[in-house]
Amino acid sequence: MTSTKQHKKVILVGDGAVGSSYAFALVNQGIAQELGIIEIPQLHEKAVGDALDLSHALAFTSPKKIYAAQYSDCADADLVVITAGAPQKPGETRLDLVGKNLAINKSIVTQVVESGFKGIFLVAANPVDVLTYSTWKFSGFPKERVIGSGTSLDSARFRQALAEKLDVDARSVHAYIMGEHGDSEFAVWSHANIAGVNLEEFLKDTQNVQEAELIELFEGVRDAAYTIINKKGATYYGIAVALARITKAILDDENAVLPLSVFQEGQYGVENVFIGQPAVVGAHGIVRPVNIPLNDAETQKMQASAKELQAIIDEAWKNPEFQEASKN
């Protein structure tokens, strides 16, 4: 894959609610020239139907080849996006999904790599930080070419919540959620700003917002998935658009800074896990992490979040099957 290639090809693995919403976002936004959709054999006809349905929108958007794909179609793809996995049920945490989804992930990654794929993996199935790690292990790919959606959606939720609280456009809010995409994530309050004005200073000039309100706002962001799952069964629109944004950054070689699940090599005192932090991303994957200078409390939260993920990974990798399949 090179940044000068004009025909951009994406393979989507998993045509459930998230996958099909992502495909729809790609069509709406005119991203990529080719989209192949892979499903398990018993759901292949659904992928055929979705490809046909999506193709009927092309006269209103831009040309794109859309079809139900096989793993062999991954060989010349620029990007393989993995959304396939067991869904999160009411009452389940993302980490509860580990056992079911690691086995699914191993099967997918093995078949993609066997096709001769040389592009970039983008992982969205949950628990995303753990499955990004397993994709790296099972693929043998360089860490830069394995990316998780990380806290991209959480950060978008955070910005939207702050925007509503402050009555400003969310696009003018610059604030990140870091750590696990899940219960141990945290808000980087120390660097939240509105158009360059530190949040604390901005609040002084606008209105009297109590600390308790900000804590409640963050908790609403952290628990948003549970709220949505309890009301409609699943979340898919927000993450689909987040994935489309990451896809555009990769295919257009933007060198955009986005909060992603990124491999840690000592930043924040954390190593050997993929976890949510801002990073520069372009045509060759992760260019470099952007290491926000966290305060002491935030650094401790980052380390605690990573420790939880590491414990899950260590337990999972006691499975000899996963050990044998590891290439990194």
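Cβ coordinates come from backbone N, Cα and C, glycine included.
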Given Swiss-Prot lists V18, K46, Y71, G85, A86, S107, A124, A125, N126, S149 for NAD(+), the same-site residue among E34, E39: E39
Distance, T235 (substrate binding site) to Y226 (phosphotyrosine) (CA atoms, angstrom): 9
Number of Cβ atoms other than its own within 10 Å, given for A125 (NAD(+) binding site): 30
Integer Cα-Cα distance in angstrom, S107 (NAD(+) binding site) to N126 (substrate binding site): 16
Tertiary neighbours of R159 (beta-D-fructose 1,6-bisphosphate binding site) (same chain, Cβ under 8 Å, six or more apart): A170, V173, H174, A175
Most distant Cα pair in Å, residues V18, E39, K46, Y71, G85, A86, S107, A124, A125, N126, S149 binding NAD(+): 25
Other CB atoms, at most 10 A from the CB of V18 (NAD(+) binding site): 27
Proximal residue to K46 (NAD(+) binding site) among recorded positions V128, D154, A156, H181 (C-alpha distance): V128
